[in-house]
Amino acid sequence: MPEFVTFSRNVFIPVTNICRNLCGYCTFRRDAGHPEAHLMSMSEIRPILERGEKAGCTEALFVFGEYAEEVPEYLLELEKLGYSTTVEYVADLCKLAIEIGLLPHTNAGILNRKELEILKPLNISMGLMLETTAELKAHSESPGKKPSTRIEMIRTAGKLKIPFTTGILVGIGETKDDRKRSLNTIADIHKEFGHIQEVIIQNFMPKPDTPMADHAPPSKEEMIDTVAIAREILPSDVAVQVAPNLIDPYSLIKAGASDLGGISPTTIDWINPEAEWPDVIELQKMIKEIELRERLPIYPQHIKKGWYSNNLSYLIETLTDKNGFKRKQR
């Protein structure tokens, strides 16, 4: 059992749910003509960030559908906001978050090297789920879920020294050997570049009105087994993360998990909207006798390495304690 388990406090901003991919399990994505399709404006986003900062959050999690620019209707909406590319808009949203006092973490799907270089100075960390190295039916209509494409981006982030979150999705048609291959791929990338902070072991949850609505989720035993395999395969400086709003974490902590990810006191989980976040008191009850320790969206080892830009130095100095974790409020 670990001495302590970590989490971060975030505000979850679903900037757009328009996406070029059509994954078999996703309820986040909307077609451009759907009444729930959106591109949030800065005036909508600012008060959400401000509420999060007042609630003690340290992370602004910006989530996007992938390459929405491929959808003409989205481009028109983006141009109304005064931008020609999503990355330009993300950069300004990150600046806004920093101004308010939050550390940006962007997960926008596939980004090329130039786009990562633009966002690196304005993000404390970034993320992209590998999901799996297997070619699956669930991803047959999702060009951005091609394993080689995702691996290339994770490697590019390593070359640029961007602290990074990735992970696998368990139960979408992959085999146990596929999971091992995926985890070994992540481990090899980290051994080369040293940038992967955490690997999420996320359990598939069937959603109504999706092609995989009747697909069974992984059992608790499968999840325990996968976490144990992850802890065995991954280097010791890479945390194994599980989502406490999707599964009871205690047995997974016993198997090797040590992080509970981002928890929001002010926003919902827009990817799994049916799964409410536990609050910090509930989190502590879930993990029983283990110490719960709050971290930032950058891990202490990457703070010590100085893997962040001058744009973020003041917030790092303000928010961290001497060990690189979240400074306790007095």
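Note that Cβ sites are derived from N, Cα and C of the backbone, with glycine treated the same way.
Annotation source Swiss-Prot lists domain 'Radical SAM core' at 5-245, citing sequence analysis. Over the domain 'Radical SAM core' (5-245) the predicted model carries a mean pLDDT of 95.
Residues or ranges marked as [4Fe-4S] cluster binding site in Swiss-Prot: Cys19, Cys23, Cys26. Using a 10 Å Cβ-Cβ cutoff, Cys19 ([4Fe-4S] cluster binding site) registers 24 neighbours. Classification of Cys19 ([4Fe-4S] cluster binding site) by DSSP places it in coil, neither helical nor stranded.
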Worksheet item: Whose Cβ lies within 8 Å of the mean position of the Cβ atoms of Cys19, Cys23, Cys26, the [4Fe-4S] cluster site, other than those residues?
Response: Asn21, Leu22, Tyr25, Phe28, Arg29, Gly65, Ser142
Item to complete: Could you work out which of the binding-site residues (Cys23, Cys26) has its C-beta surrounded by the smallest number of other C-beta atoms within 10 A?
Response: Cys26
